[in-house]
Amino acid sequence: MTFSIMRFNPETDKKPYMQDFELDVSAIQGKMLLNALEALREKHPDIGLRRSCAEGVCGSDGMNINGKNALACVTQLKDLPDRVVVRPLPGFPIIRDLIVDMEQFYAQYKKVKPYLLNDQEAPQKERLQSPEERAKLDGLYECILCACCSSSCPSYWWNPDKFIGPAGLLWSYRFIADSRDSKEKERLDAMKDPYSVFRCRTIMDCATVCPKNLNPAKAIRKIRTEMLQETESGE
């Protein structure tokens, strides 16, 4: 197989360029794209990429594979053509090769306060939920912050410092929907500006690329609905 990888070293290169590598994938251990990239790195150790668990859990090896954002560790080689084009996640500054600067992404994640807020007196044990209340979190808590969704979103490309983005808004709704959280109104009020939520144009790329098959656009729609209901009720 041929792997065309975007290369960029800011210390030596004026701009990114593509470099082709040939690899006999039948001779490597593993059946995933990440295994092939690791095999290439053994021969070319200057290729820069992020990886950690290699099990689709940590979200660290997100990249653009033949034009679609995905995790290299769960992308099977048998599903790819003989020529594979690999680029870094779009919309982020490139640190080196396939490694991008995700500082802005995490700043938007931090903005939504991704943790339980509850000003009620803490119980002696855990805060209980009914099975029905717990079920409302399905499709929300599974996000691994790989940034495949946000980096596929044109609205996020245009306003990365103002639009929270699909991943951040998915996490926001995960706590808005949590019965153990008592700050729903404060969370909604913090996003009632023209950009935080309402820059979503329902392009749906976020749901298309999510490796966990989550739907950030659905969560964004629910946030908007709750905002409108709150406005109509005069709260």
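Cβ coordinates come from backbone N, Cα and C, glycine included.
Keep in mind that this is a model prediction, so the values were computed, not measured.
Annotated features in Swiss-Prot:
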BINDING   Cys53, Cys58, Cys73  [2Fe-2S] cluster binding site
BINDING   Cys143, Cys146, Cys149, Cys210  [4Fe-4S] cluster binding site
BINDING   Cys153, Cys200, Cys206  [3Fe-4S] cluster binding site
BINDING   Trp158  ubiquinone binding site
DOMAIN    133-163  domain '4Fe-4S ferredoxin-type'
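Each of the binding-site residues Cys53, Cys200 was scored by the number of other CB atoms within 10 A of its CB, and the lowest score belongs to Cys53.
Between the C-alpha atoms of Cys53 ([2Fe-2S] cluster binding site) and Trp158 (ubiquinone binding site), the distance comes to 31 Å. Mapped onto DSSP classes, the domain '4Fe-4S ferredoxin-type' (133-163) shows 11 helix, 0 strand, 20 coil. Its Cβ placed at the centre, Cys146 ([4Fe-4S] cluster binding site) has 26 other Cβ atoms within 10 Å. Comparing the Cα of Cys149 ([4Fe-4S] cluster binding site) with the Cα of every entry in Cys58, Cys73, Trp158, Cys200, these being the binding-site residues, the smallest distance points to Cys200. Within 10 Å of the Cβ of Cys149 ([4Fe-4S] cluster binding site) there are 30 other Cβ atoms, across all protein chains.
Each of the binding-site residues Cys58, Cys143, Cys153, Cys210 was scored by how many other Cβ atoms lie within 10 Å of its Cβ, and the smallest score goes to Cys58. In sequence order, Cys149, Ser150, Ser152, Cys153, Pro166, Asn215, Pro216, Ala217 are the residues near Cys206 ([3Fe-4S] cluster binding site), counting only same-chain partners six or more apart with C-beta under 8 A.
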